[in-house]
Ligand code: SAH
């Protein structure tokens, strides 16, 4: 049995290392908060709506383009409401331009990434909620590096607003121009940055100009299974989709693959998921990375099927994306097919996730990890 890792569930607790948070940005505040700030600067309150309309309504993030604001006000407002939070390091495209990945350097040098995925009927962005991650899952590239810090609400929202702007420019050929879905499946454990993530969700769903106007159902929060936070999320007046990174149906293996399982066991985390489903009416997505000879045995499929049968759940099998130097590999396709067959025989709805972005390390923190190691995403030393 592995030892219990340090799990910084509450990095804001007294005594926790002070992280270097970025300056405040308009996306940290609701519309009332923006009005209060604007009037405090001696500007008329309507400027809050004006600047919000640029940012959330037209996806304009650069104050220089907000030419309907008088120059003096613009400078003052930009300074207080639109500090630059995300400095682009690189942007990569693959899958014929349908997948684009952005790597950002934050004000303190921390690296995070976001991915835009275009489909015929929708556009999804995958965003990060923390720089690094403290959950230490051994198959995940982000988990290897540990937690640097929580992102601010605006650092989270700005990723989505930026990529919504990329989609609106028509860059994703063959997909709608309007961003429709957001998944918290980038770097970090969203429920370990609870307050900022919930505030970010409120910005994403508030109608413009207060927010981006996305549907709650089109937002997915993916978690390792922080049980108290799942219960708390169920009690918010939000019905976002919950994705639970289960990866094993038994405690012995899950203790290793998702170390937080040493604190909250499979049965507890599933009970929390069913409580969430009951409260919100939303089907829970069960994430399961298929790892060759580790968690892909027929008996584990059967056990998983018994745990999930009759529940408001859908299984998303993810072919493992091996991290550099990993001792693990993806399951062979016939093994994966047998796993799917057994789950479906148990009456559990199951799909296999597409592997978007593999050639640009679009999955699971790998681009930022490659940048940190001084290699390019293909693993070659960078110039
Ligand atoms: N911390 C959250 C969200 C981030 S990761 C969580 O764990 O749910 C999003 C999903 O990608 C999770 O299901 C995670 O377990 C999975 N994942 C991480 N590394 C992976 C890898 N190398 N291959 C396949 N899936 C991976």
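For all residues, glycine too, the Cβ spot is worked out from N, Cα and C.
A quick note: this is a predicted structure, and the numbers were derived from the prediction, not measured.
Quick look at what TrEMBL annotates:
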ACT_SITE  113  active site, proton acceptor
ACT_SITE  364  active site, S-methylcysteine intermediate
BINDING   133, 137, 140  [4Fe-4S] cluster binding site
BINDING   188, 189, 222, 245, 246, 247, 321  S-adenosyl-L-methionine binding site
DOMAIN    119-359  domain 'Radical SAM core'
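Structure coloured by features recorded in TrEMBL.
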residue	record	contacts (Cβ under 8 Å, 6+ apart)
137	[4Fe-4S] cluster binding site	143, 224, 245, 247, 257, 258, 259
188	S-adenosyl-L-methionine binding site	112, 128, 129, 130, 131, 132, 133, 142, 147, 150, 151
189	S-adenosyl-L-methionine binding site	129, 130, 133, 134, 135, 223, 224, 226
222	S-adenosyl-L-methionine binding site	183, 184, 185, 190, 243, 244, 245, 285, 287
246	S-adenosyl-L-methionine binding site	225, 254, 258, 266, 269, 270, 286, 287, 288, 304
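Each of the binding-site residues 245, 321 was scored by how many other Cβ atoms lie within 10 Å of its Cβ, and the smallest score goes to 321. The 6 Å Cβ screen around ligand 1 retains 222, 245 from the recorded positions 113, 222, 245, 246, ordered by sequence position. All protein chains considered, the CB of residue 140 ([4Fe-4S] cluster binding site) has 27 other CB atoms within 10 Å.
Counting in whole angstrom, residue 113 (active site, proton acceptor) lies 15 from residue 140 ([4Fe-4S] cluster binding site) by their C-alpha atoms.
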